[in-house]
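K.L.:
To start, I am sharing the structure in question, which I have written as structure tokens.
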């Protein structure tokens, strides 16, 4: 690696550290002594970030892009959770030995900073404000997961798709006054997988929502009216 490349990577890590410090509401100076233990990585669309959350030793802050986290239970059920920047994950790995089985995939080109899990736990024990922030983030994540799981209990297909779209607007959508924008990674197939219904049925429901002027396509992005 040339000197210029090393300088660029060092600057990249410094900038990522600033974003991490801002995200968890602490002075960047608290994190700087641990910089050598962290890394910044770029993931291409479709690349696996980790195959199983019980194997990863790091907590990640997603700086750019979109990811999908797939949770598998003992019955073989799959729950798919989507995230956009900024999100810290997987938080349910903290302070416990047994963790849910989760795989993470980059839905778009992504950039993230990895922080050792034991470092995050150490900082929580020594800085109350970090613990409070992470507890708040974990509670928010749990509420989002409950909302998604409740959507899956809907017996009517259209109601299920509609509720999942509302969930997606909150978790990966960008607020534009009268509508939410969901980036181009969203597809009929992905929505079908998340809803647990056929692609054909999902496509039919999406066409109905477009006819009702609830959902629009802007290039490859989805625009969802707040009237949904």
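Each Cβ is built from the backbone N, Cα and C atoms, and glycine gets one as well.
Feature table excerpt (Swiss-Prot):
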- 188-207: DNA-binding region (DNA_BIND)
- 22-141: nucleoside 3',5'-cyclic phosphate binding site (BINDING)
- 155-228: domain 'HTH crp-type' (DOMAIN)
K.L.:
By DSSP, how many residues in the domain 'HTH crp-type' (155-228) are helix, how many strand, and how many coil?
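P.N.:
DSSP composition of the domain 'HTH crp-type' (155-228): 36 helix, 16 strand, 22 coil.
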K.L.:
Let's check the environment of residue 52 (nucleoside 3',5'-cyclic phosphate binding site): how many other CB atoms sit within 10 Å of its CB?
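P.N.:
Taking every protein chain into account, the count is 13.
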K.L.:
With a 10 Å radius around each C-beta, find which of these binding-site residues (67, 82, 112) has the fewest other C-beta atoms nearby.
P.N.:
82
K.L.:
I'm checking region-level scores; what's the whole-number mean pLDDT for the DNA-binding region (188-207)?
P.N.:
94
K.L.:
DSSP secondary structure for residue 97 (nucleoside 3',5'-cyclic phosphate binding site), reduced to helix/strand/coil, please.
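P.N.:
Assignment for residue 97 (nucleoside 3',5'-cyclic phosphate binding site) reads coil.
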K.L.:
Non-local Cβ contacts of residue 97 (nucleoside 3',5'-cyclic phosphate binding site) (under 8 Å, 6 or more apart, same chain)?
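P.N.:
Correct list: empty, so none.
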K.L.:
Going by DSSP, is residue 52 (nucleoside 3',5'-cyclic phosphate binding site) part of a helix, a strand, or coil?
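P.N.:
Note: residue 52 (nucleoside 3',5'-cyclic phosphate binding site) is coil by DSSP, not helix or strand.
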